[in-house]
């Protein structure tokens with residue numbers, strides 16, 4: 001939004017408030033009615049245009065805004081016409097009813113246009129509104145109602161207190177909405193409408209105070225306040241409303257808007273402290289309202305703590321699940337290549353314990369995929385994984401490296417015992433398995449290598465086992481081969497011209 005619009009609205013409101021004391025009272029009323037009717041009528045047209053271009057919840061919000069602005073414009077036109085022949089009593093009565101209906105419709109539109117909440121978030125928002133309403137009423141009681149209590153009596157004061165409730169609740173809804181939509185240019189329109197709601201509510205409360213104290217109707221900024229609220233509502237009607245979600249945590253922490261919801265609570269506490277210091281007493285109304293407010297604040301904190309705790313548990317579970325997924329095969333649930341390398345490296349650094357690595361490659365697996373399909377192949381891999389786990393000790397590590405290739409890590413086993421384990425694996429995998437109502441037979445070829453702890457690199461050992469495995473496959477199916485390092489060939493001595501070889505030495 002161009003900066004000229006807010007400056008113009010603010011300037012007109014301030015200038016109008018400044019010239020009002022110099023004008024005849026009736027002329028001031030009429031000018032106020034003209035300005036408010038014009039600005040709110042302009043806002044009504046803007047909300048109607050936006051309602052036509054939106055659907056669902058947003059459309060309902062714009063319709064509520066259109067109704068509020070339209071009723072406020074019509075109310076001020078009726079107030080104006082009472083000076084030009086319209087019966088004063090009926091005109092004022094209908095205008096007051098329309099103004100009250102507009103004051104109710106504005107926060108309704110604000111709630112509909114704000115990002116929707118669900119579940120516990122909606123309950124927390126309700127508690128926030130109730131707590132801010134209590135603090136706002138405490139301020140209203142001390143600065144608007146209490147000064148007139150002794151002069152008017154308890155009956156009229158109670159009636160006036162009831163009249164303030166819609167304004168108090170509207171102000172609380174607006175403040176909580178502004179705090180929840182902190183940060184980001186996309187929320188500018190929503191904040192403008194919320195600010196208009198706050199200004200309108202505060203101005204209405206101050207107007208009530210002026211009437212109870214017998215002050216001029218425009219005193220305490222009321223004249224300019226109504227004009228300013230109408231101007232803000234008109235500006236908000238020309239802005240695109242946000243369609244996204246509430247503010248992110250980062251923006252909430254970094255924005256001062258989030259503090260707005262606490263402003264009435266802090267203000268109520270400060271005002272009560274000043275009142276107690278000045279008079280030495282605190283009225284029962286303020287005491288009970290503040291007690292209720294702080295009870296709601298505590299409840300809100302308990303809910304926040306419960307929410308944060310639940311999020312922490314969920315985050316820990318997600319972190320654990322991600323860690324599991326990063327180190328396990330999604331199909332079989334076995335450790336993956338990265339986990340196997342880590343387990344092997346740990347075993348090598350665990351002392352002088354001997355370890356054995358077996359690399360297992362399935363025989364005939366491609367035929368299963370080609371004849372029965374990849375889904376059947378996946379079932380074979382799952383069945384092979386189960387048989388491998390059954391054939392090994394609980395402490396042994398079995399992993400799927402990829403495709404139809406598996407690896408086994410044995411620790412603290414003699415070579416012959418490890419070879420016996422490999423034979424048991426070959427026998428187990430050679431047994432037919434029932435896949436898709438078909439007996440499927442796959443076997444395996446195994447390459448084996450051994451090392452002492454701290455003696456070799458895990459990558460080198462796996463390469464050795466891989467070489468042994470390919471040697472096994474070259475000799476047929478169901479074969480086990482142990483890696484043998486290549487023998488070093490010592491070349492025979494070669495005679496060089498001018499020398500002779502004798503007795504194994506060169507001379």
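Indices start at 1 and increase along the chain as displayed.
Every residue, even glycine, has its Cβ placed from backbone N, Cα and C.
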Looking at the ranges 97-114, 313-330, which is given as transmembrane segment in TrEMBL? 97-114
Per TrEMBL, which of 217-236, 337-356 is transmembrane segment? 217-236
TrEMBL annotation (transmembrane segment) - matching range among 13-30, 31-48: 31-48
Look at every Cβ pair spanning the transmembrane segment (126-146) and the transmembrane segment (97-114), keep those 6 or more apart in sequence, and say whether at least 3 of them are under 8 Å. no
Checking 60-85, 97-114, 256-275, 281-299 against the transmembrane segment (217-236) for Cβ pairs under 8 Å, the most are found for 60-85
Need a quick answer: max count of Cβ pairs under 8 Å to the transmembrane segment (158-180), which of 60-85, 256-275, 281-299 is it? 256-275
Cβ under 8 Å to the transmembrane segment (256-275), counting only same-chain residues 6 or more beyond its ends: which ones? 128, 131-132, 135-136, 138-139, 142-143, 171-172, 175-176, 178-179, 181-183, 191, 282, 286, 290, 293, 297
